[in-house]
There are 2 protein chains.
Amino acid sequence: MAPKLSVSPVTTALNAPAHAPATVLSEVYTSKPLSDVAAEHRNLSALQRARLQYNPRYNPVLADPAAVVLQQGQPTTAAFDQDHIAKLFPNLYGQPSLSFAKHVPSHFEPKTVGVVLSGGPAPGGHNVICGMFDFVSNLNPNSKLLGFRNGPDGLLNAEYVLLDADTVALYRNQGGFHMIGSGRTKIETPAQFDAVRNTVEQLDLDALVIVGGDDSNSNAMKIAEHFKQHQLKCCVNGAPKTIDNDLRNAQVQVSFGFDTAAKSYAESIASLAFDAVSARKAYHFVRVMGRSASHIALECALQTHPNLCFIGEEVKHNSTTLLDVVRTVVDLIQQRSLQGKNYGVIVLPEGLVEFMPDVEALIAELNEILAHAERSLSRQQITEKLNPRNAELFRNLPDAIANQLMLERDPHGNVQVAKIEAERLLIGMVSSRLAMLKKEGLYKGKFSGVPHYLGYEARCAMPSNFDANYTYGLGRVAAALCCNGKTGYIATLSNLTKPAEEWVPAGFPLTMMMNIERRHGKDSAVIKKMLVDLQGAPFTDFALKRESWKLNDEYRSPGTTQFWGPTADVVSMSLQLEASVTANQ
Amino acid sequence: MAPKLSVSPVTTALNAPAHAPATVLSEVYTSKPLSDVAAEHRNLSALQRARLQYNPRYNPVLADPAAVVLQQGQPTTAAFDQDHIAKLFPNLYGQPSLSFAKHVPSHFEPKTVGVVLSGGPAPGGHNVICGMFDFVSNLNPNSKLLGFRNGPDGLLNAEYVLLDADTVALYRNQGGFHMIGSGRTKIETPAQFDAVRNTVEQLDLDALVIVGGDDSNSNAMKIAEHFKQHQLKCCVNGAPKTIDNDLRNAQVQVSFGFDTAAKSYAESIASLAFDAVSARKAYHFVRVMGRSASHIALECALQTHPNLCFIGEEVKHNSTTLLDVVRTVVDLIQQRSLQGKNYGVIVLPEGLVEFMPDVEALIAELNEILAHAERSLSRQQITEKLNPRNAELFRNLPDAIANQLMLERDPHGNVQVAKIEAERLLIGMVSSRLAMLKKEGLYKGKFSGVPHYLGYEARCAMPSNFDANYTYGLGRVAAALCCNGKTGYIATLSNLTKPAEEWVPAGFPLTMMMNIERRHGKDSAVIKKMLVDLQGAPFTDFALKRESWKLNDEYRSPGTTQFWGPTADVVSMSLQLEASVTANQ
């Protein structure tokens, strides 16, 4: 257990309005404590208590913070759009990569380090903080770790808590981001950058770690550049978080939370599959999180062998239409029904319909029509205005989905394609099509579709041993970068299919993974998302096996995440498959 | 591992039509094997393989099947409607309860025993079969265990498989009912009873075990009586299954599957709770399985401390209306929003709306109106025909729910109240009410409701150690009853909060737990369901604590089911609380 830092009450700026510079930092006051430690402890389950005792495993090179030495590699460039990105980060572009080594311990002055959790929660967030806490307090017991409240808002409004050993001890290896909360605010405007700078200056921060996905880490880089430009001492570094696993590249082997979340969804999908084949009367349509990238759907398919699994990237690559997908599902159901199997499991990625050209065309025309309509139109009236192709699709949509598209609009008046519950859409369309085939005598089975959406259930699950070790290690790496005066880096660990003691810590400039994308009509430097590679090992393995899963029931259960026993350290299949390719290269 | 029985191909009657007596049993043929053992094994995950090696723990009195002796207790009566039930079971009513003891082993001739899985799957079903298999094959290696396919249909149509050691070995401690499948057919008509008798006679069965819920065990009793009346040697005994945990009484301490399923739902609810407090922007409305009884919702609440949890039995007892429930939820949201908390978790039992007097009244009048309508009516037209009270409720329903009630009817033309997704109903109504309050300046928060239904995800989960031990033990107890010529009993284990080696095996006449209920206009002898006792220890504990959960976030996570480590044998809170009362009496 880490040494105890000075216990301190919660400190917040006096009700500073959101996004405004916090100018009243001297008037800090003591509000109710972050958490009533005794009360929190009373509410812990036996498993939560047992997990508090788990000591994350890490590379011994990270063991003595005062002995960590960062060795510089070659100067770096960006993977894409080098010149443009170099211009956007004139102070920090091209920094060398950093590897870790152990020297004789030096003396370190106490550090004041801040941490922000940004975006959707992911299993392991608390351990990043624990890793940072242990590192900075081991380095010098007078160090301070400040947790900014509720994401970037805490930075803007100088709302933070001083994290003491008692508080941190309550969250070791626990799920959730609730130790300090998370938020989605982006630091974009000059006033926001000023507010952040003001907070950091007032608190005399030596460093700041932003734990987040691609957007949040891109933001971290911009803040690092801004600080450098204004000659602040404060370093800014990032840690790669997102269950979607799309913050990944040559430097980042996996983003944290994916392992636990995918295991959780896969366990549910497997249970549904066994339910299907046990009760033999329903098709389960399971949508899983992952809007831009289908890594989660792919991992779940590899883990559970569903009868069908769609991959957004493949749908996009093949320009597969919604009607194509309906046909594929209907074909499967017809074929299985000939074998007496009127049940099955079908997995869909969250963003599925957004990748389909026919849906895209329909939505575009709907937006046009609805924007120019002077009064509310009936479905029939809208259908008549659509071009014949779009009209056919619109006619085929289940009532609930068509109504939702017509009635629910986003603040810009646009149809909300992201709100479509693809599993319900498919069940409705498949059901209609099967009813027609039945009339024609081409289908004799009985169809019952059950919709499921697996998303929020796993973002705050207790982290697997993998994620607990990974995030704790990332926390130590991030703290090491901070305490050694490095800025604009992302903390990484690689060699992840080996025991955690052999994972290799490193720091890479965030600019290395950036490219230029159009955002809100402007060029912006952002970390490039990693989508499913249709030539990559996980997809190739899936493509090889999936035909056999269609008619045979080869369902497989990874089971619930285990923290002890022979399977406690099994890592995701995607990671194993990718690592095996790297090893063979 | 059990000794290997003779390996045998799958045996089924030649496409006998459903429910018809299988008269062609001599023409059995070899179809494709039940499962391709090698292929199945290839598809097992590391955890599945590890669990295959788990040896369920049980009372040593059950260890040597040939040494088990059943000791008769006092003659029994029924808990309710004794005379009526005595008349319905003239051959078997009043049998003594049975306790287990160990004597010097005797020689037993080989037995042929059948097993049927009936109704919805529940974690542990496979282990009942494994326990039976080990017992009968240890008793005499020439014994045979036949698994009837897909529930009672397998009995009617003489579709069965001879379960050999290789097959059984693939399903030890695994989730699902897919080793032999399950089904919901009821044996009711004289022709059905004849068909079952025919199957049993043709196969020369010594005994039959029916693994099911209250209905299936009631059915088992009727079959036992029928066999006795026709002087068949075949014994019929039951085992108590249902995740809902409503097959419970003075004899049955818990029904199997509840422990695992409730743990699985509770883990999801806890993750949603931590997601709520981490992201701070949504209310999660979680409906959990349990139509007649709210034991699952109650256990989940005790495990996770949601901000609100409704209990169907309390709603019914207090004649709480849907509008009352909406008001309660809205009040909570208003109060929490004053604390800056625009998030939370609300748990609902599956059958919630069916218990509400206002919903009941509306449905009754809707059924009348729709039955007499000559053409399809608009929502407006229906509203005008309703009495003012019902009209108000109908007007307040979200569109999707109102449409569903108007359009989707069951085969008898009735409105399908059971199909109402209560979580979506509540989100819609609460959202409208909050929008009104906002206009009036009485609510300033931001409301976002996310619906969840947790049901099918856990019925086939891998059984917890508790359920693995419990079901394996029940299998051995059931087999012991069968092999000792007992019929009309349910297998039980009690003393369940102690180590599994101290669990007390027993057999109780199924008639003991029966009462008379009106079913389809006829008096029928059925096992009385155990509902949540509003005076019982679990509800009392919940009622004591729930006020504090409303505004404080005292969320608690039981975590994923563990098979190893310090928490692997923690049993459900409901069981612990009930046992503590019994211990104090």
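Using N, Cα and C of the backbone, Cβ positions are placed for all residues, glycine too.
No curator has checked TrEMBL annotations; they are predicted automatically.
Taken from TrEMBL, the feature active site, proton acceptor covers B:Asp244. TrEMBL lists B:Gly120 with the feature diphosphate binding site. The Mg(2+) binding site annotation in TrEMBL covers B:Asp214. The substrate binding site annotation in TrEMBL covers B:Thr242, B:Ile243, B:Asp244, B:Met289, B:Gly290, B:Arg291, B:Glu350, B:Tyr456, B:Glu457, B:Ala458, B:Arg459. Positions annotated as domain 'Phosphofructokinase' by TrEMBL: B:113-361. Feature annotation from TrEMBL assigns site 'Important for catalytic activity and substrate specificity' to B:Asp215. The feature site 'Important for catalytic activity' is assigned by TrEMBL to B:Lys241.
TrEMBL feature annotations superimposed on the structure.
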residue  : record                                  : DSSP class
B:Gly120 : diphosphate binding site                : coil
B:Asp214 : Mg(2+) binding site                     : helix
B:Lys241 : site 'Important for catalytic activity' : strand
B:Gly290 : substrate binding site                  : coil
B:Glu350 : substrate binding site                  : coil
B:Glu457 : substrate binding site                  : helix
Surrounding CB atoms that lie within 10 Å of the CB of B:Arg459 (substrate binding site), all protein chains:
28
So which recorded positions are near B:Asp244 (active site, proton acceptor), with CA atoms within 10 Å, out of B:Asp215, B:Gly290, B:Glu457?
B:Gly290
Tertiary neighbours of B:Lys241 (site 'Important for catalytic activity') (same chain, Cβ under 8 Å, six or more apart):
B:Ser118, B:Gly119, B:Ala122, B:Gly124, B:Gly125, B:Val128, B:Val211, B:Gly212, B:Gly213, B:Ser216, B:Leu247, B:Ser255, B:Phe256, B:Gly257
Least surrounded among the recorded positions, given as B:Asp214, B:Asp215, B:Asp244, when other CB atoms within 10 Å are counted:
B:Asp215
What is the average pLDDT across the domain 'Phosphofructokinase' (B:113-361)?
96
Distance between B:Gly290 (substrate binding site) and B:Gly120 (diphosphate binding site) at the Cα atoms, whole Å?
12
Of B:Gly120, B:Asp214, B:Asp215, which is closest to B:Glu350 (substrate binding site) if I measure between C-alpha atoms? They're all recorded positions.
B:Gly120
Among the binding-site residues listed here, B:Gly120, B:Gly290, which has the most company in the form of other Cβ atoms within 10 Å of its Cβ?
B:Gly290
Spatially, and counting Cα to Cα, which of the recorded positions is closest to B:Glu457 (substrate binding site)? Options: B:Gly120, B:Asp214, B:Asp215.
B:Gly120
So which of the recorded positions B:Gly120, B:Lys241, B:Thr242, B:Glu457, B:Arg459 end up next to chain A, with Cβ to Cβ under 8 Å?
B:Gly120, B:Glu457, B:Arg459
Round to the nearest Å and give the CA-to-CA distance linking B:Arg459 (substrate binding site) with the residue listed as 'diphosphate binding site'.
8
Including all protein chains displayed, how many Cβ atoms other than that of B:Glu457 (substrate binding site) lie within 10 Å of its Cβ?
25
Would you kindly give the Cα-Cα distance separating the residue listed as 'diphosphate binding site' and the residue listed as 'Mg(2+) binding site', rounded to the nearest Å?
12
What does the structure give for the C-alpha distance between B:Thr242 (substrate binding site) and B:Asp215 (site 'Important for catalytic activity and substrate specificity')? Integer Å is fine.
11
Rounded to a whole angstrom, what is the C-alpha distance between B:Asp215 (site 'Important for catalytic activity and substrate specificity') and B:Gly120 (diphosphate binding site)?
12
Work through the binding-site residues one by one (B:Thr242, B:Glu350) and point out the residue whose CB has the fewest other CB atoms within 10 angstroms.
B:Glu350
